[in-house]
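Among the features that Swiss-Prot reports, region 'Disordered' is placed at 96-229, 243-352. Positions annotated as compositional bias 'Low complexity' by Swiss-Prot: 104-116, 278-293. Marked as compositional bias 'Basic and acidic residues' by Swiss-Prot: 120-163, 171-229, 313-323. Swiss-Prot lists 443-612 with the feature domain 'tr-type G'. Per Swiss-Prot, the feature GTP binding site maps to 452-459, 498-502, 552-555; the stated evidence is sequence analysis. Swiss-Prot lists 552-555 with the feature region 'G4', giving similarity to another entry as the kind of evidence.
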């Protein structure tokens, strides 16, 4: 194989490529690099040059040298005695010289020997050739050196240019960094100044608040002092009234001896009893009165009488209270008690009796109330309520809720008047709160709902406005959830609600229409008005909101905008150019045509509506979508319609309540608050609310719990009443229609909108023969309890965009529970429809196969009566059915037992042949009868 390149030829010759290149250059073959290709002519030229330079050109070689090399190994022990292997190389060299066989005669040699002049001429020519070769080599070396020097200079220039460019780049980078540093320092200074200003404002505000708080505390203290002074004055007046002497008319009696009076008086003073004084002592006191000089006697008598009157009041029957109502039997009646304060303690007891006088209260009892709240309403301690309930045989704690009946019984037992509290009206309560706040009404962004038929380009239109790719991410390319977004435009913020267009999502579209200010009705210019377009128009007109029509796909060649306008006019949606009030805009979601004009029309409608809402108020709004997330709990997408929703607010949404733990915007980012017309996701509700429920922010969590409990109870009672009515209706319907097959289903979906849409679509599949029964439908993943319910009800579990957990899958596999997963509502409806079709009883259809005429009748002892027949049309087969006609009247219908021809059993006999036919369990046949043969075929039915 010949070598193709210089490098390969050099390897073959065992030379370096550089040496071979030099030799080729000397031979006049111009090759620059080792990868250049050599041909046979180049090799021949090199060979001729080498032979000429070594003097062997044109002559035979006289001497040849051969070198032989062989290698062998020997083993020899070293000084340590270890054997080592030594390689021995033997080289042999032999030289062979070729000798001439014929030696010419000396005369011939002499004649053939060249002359000295010829030799000199040859030598000079050789010398000239050698000089020319040397000069040529020197010129080539000079040219090569010159090229190398130029290449080296070029590389040096490029290196210098790169170094200069790098230095300039570094200088520019340093200048930019210094500018950025200066800008950052400037921004930091501005920020520090703003922070200092904010701190100063905060300090000033705090000082003002502290001053206001101090003034309020001072006013409160003054008010408290005034109330305390009034209470003390009232108590002093009561005490003075109680201590005032009575006017008593006493008749004169004969005087008694003074010692007796003295003894009576001293005895009275010593005893200090609470009982009335004896008659004798009283007489003595009255007798001693005249002996006293002037008014002194009257004063003593009045004091004694008032003292006895005061003691008498302590013996009156009193109502038991928690105060000391023993009439003076207290610590002062114990031995060793303080003696000097006895009179003061009695005054304190009288004051306490007046202060703790029992008052009958009117206690309003709500649906549920805790023990502590009930005690607070009756102004007593909770332990008294617990004691009363224990007497009634009910063990409770202080925080345990009581029902309304039990609480009213306790109130009556405690001596108060119990009244049923009015039912909580959350809307009125919220309206009362908002009106009490007197919040300022500010302009808000419009809420725009995009509605229309499926695949008319609603989501694609929003994608172009939002510059996102939502439509491609939806399963099946259709929207199955309500999407809420807010978009910032040069003229303000617009909030969009994207509703599904599929017929199953009617409830979602209705919710979107109720929560909106403006409706964008999307209608494809190449498709026209469709059923869901008409439904969207009805929802918008029912909600009373203006309609802006967007004619999508207007850039397609088959678009016919005028035809679509005429169809919409037929649905009472009249464009402005026809004298109506609905602007029509032709748009394209691909090219962006008409998008700006559409937004302009929407904002113009918003300006006409003058949308306003309070900002500094408790938030109110509507729940758009709900779901149950495994890691976050119940999640609700809400649209704030008024007020500001903040993290930490107590939210009441339908039958659920809770404190907002976190808020996320439509991009999944955390946010602290959301104003009017802003959609957010909130977490923290105790359960998953119903989509479409109104939500509101309450100040009191207890109030929110009461309202949610009341709503749940009301909903439960309504649901039970509906179920009972449905059971009665079903019972009467089943009695009238007979046995009806049911297909029990359990539906679990990711969001509530999809769950209710799927349930409604599946219930529509029910027929008179088979009925779809929704055993349970909910939001969240498929749990073990769902599988257990499916086992008990023999239901099929349908998961829409959800999956079963490990325990649920294990339980389902062990009990053969069918769990099916879907992410497109079409597929779920189609498969359930197919399953219902399989449950339908097949349709039996009769198909005629032939006729025969009985020409003779045979009677055999072992077989029975046999009809000798002639097949007039079609054929007769074994085990087919027949119909016996006599005088064109059907006599009997049965089965053919066997068919014989020429004493042989055959499967079938065709037209034009005779055969014997044995009829099963029937022998009453005559000549001339007609037989019709037919088969019953079962055909599968579909819904």
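Cβ coordinates are placed from backbone N, Cα and C, and glycine is handled just like the others.
On the structure: features taken from Swiss-Prot.
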residue : record           : Cβ neighbours (10 Å)
452     : GTP binding site : 28
455     : GTP binding site : 15
458     : GTP binding site : 30
499     : GTP binding site : 28
554     : GTP binding site : 21
Residue distribution over DSSP helix, strand and coil in the region 'Disordered' (96-229):
121 helix, 2 strand, 11 coil
Which residues of the chain, 6 or more past the ends of the compositional bias 'Basic and acidic residues' (120-163), have a CB below 8 A from one of its CBs?
25-26
Translate the DSSP assignment of residue 458 (GTP binding site) into the three-state scheme.
helix
Three states by DSSP: which one describes residue 499 (GTP binding site)?
coil
Mean of pLDDT values spanning the domain 'tr-type G' (443-612):
78
Residue counts (helix, strand, coil, in that order) that DSSP gives for the region 'G4' (552-555):
0 helix, 1 strand, 3 coil
